[in-house]
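Single-structure report; data block below.
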Amino acid sequence: MQYQAKKKFGQNFLKDKIYVQKIVQSIPNIHKNEKIVEIGVGLGDLSDELLKLYPIKAYEIDSDLCSLLEKKYSDVLESGRFELINQDVLTLERENGWLHNQDYILVSNLPYYVATHIILGVLKDPLCKGFVVMTQKEVAHKFCAKDGDCDFCALSVLTQTLGDARILFDVPANAFEPMPKVTSSVFMVCKNNKTLQLGFEDMLKTAFCSPRKKLFKNLATRYNKDFVKKIFERLKLQENIRAHELSSPIYHQIFEEIKKER
Ligand code: SAM
């Protein structure tokens with residue numbers, strides 16, 4: 001398909017078939033009632049492989065691309081095996097069932113400029129049961145970091161709270177057209193059925209607001225200093241500890257302490 005990629009939509013098309021196949025092979029076993037959703041069809045390289053195995057519902061922001069795709073996929077679109085929606089996913093109401101009204105798995109080579117936003121959206125959507133996505137390598141490592149890793153951050157705690165995350169493989173820049181400036185990574189999250197407690201994410205944002213500063217100082221920007229001191233004493237935390245040095249369960253304990261005082 002002859003097409004001039006648009007930078008503003010993060011269009012880096014995955015041209016190396018080996019990586020396309022590796023992504024599709026990484027999809028976990030799909031339950032009977034689960035649907036596959038793709039964000040960003042692009043020229044259809046990933047969708048082609050997905051369609052060999054599953055019916056898909058896909059979103060594409062670019063109407064020029066959608067016109068081309070409607071011709072390319074006329075048969076599967078007509079049969080209903082492929083549902084193509086010309087829409088910016090960020091404009092959809094992000095509540096229960098953001099991208100589908102049934103349980104779904106997201107598989108996507110995400111547009112990097114909105115990847116974090118989209119991942120947070122599907123993490124919080126109870127109908128999304130898991131995802132296999134490609135992002136910039138640094139972003140993938142933030143979502144998948146384990147306790148004590150230097151990448152460990154609020155995103156890692158949120159992900160650990162809502163599922164199990166795993167880096168699968170890296171994809172070099174020369175696998176794409178046009179080539180991005182960065183290396184990419186594919187990672188997978190299998191979600192549990194937990195939901196976030198109101199206020200937990202805000203507490204995490206505060207805890208990691210200045211990653212180089214001590215956790216105590218960060219928390220004291222939002223909560224009373226004496227109160228933070230009391231929590232540190234109760235949980236036997238050292239005052240000089242930094243945010244990335246604590247584990248996800250400890251953040252839940254801190255949150256429980258904060259709730260008690262509300
Ligand atoms: N799936 C294709 C592939 O692997 O080659 C394309 C991936 S490309 C990195 C990202 C795609 O997402 C582009 O086609 C872009 O137009 C589309 N896109 C960007 N922002 C979007 C948004 N907010 N909602 C829906 N699609 C979007």
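Glycine is no exception: its Cβ is also placed from the backbone N, Cα and C atoms.
Note: TrEMBL annotation is automatic and uncurated.
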Note: TrEMBL has Asn12, Leu14, Gly40, Glu60, Asp88 binding S-adenosyl-L-methionine, and from Asn109, Asn174, Asn192, Asn193 that site also includes Asn109
Per-residue Cβ crowding (10 Å cut-off), top of binding-site residues Asn12, Asn109: Asn109
Can you tell which of Glu60, Asp88 has the most other C-beta atoms within 10 Å, given these are the binding-site residues? Glu60
Where does Asn12 (S-adenosyl-L-methionine binding site) sit by DSSP, helix, strand or coil? coil
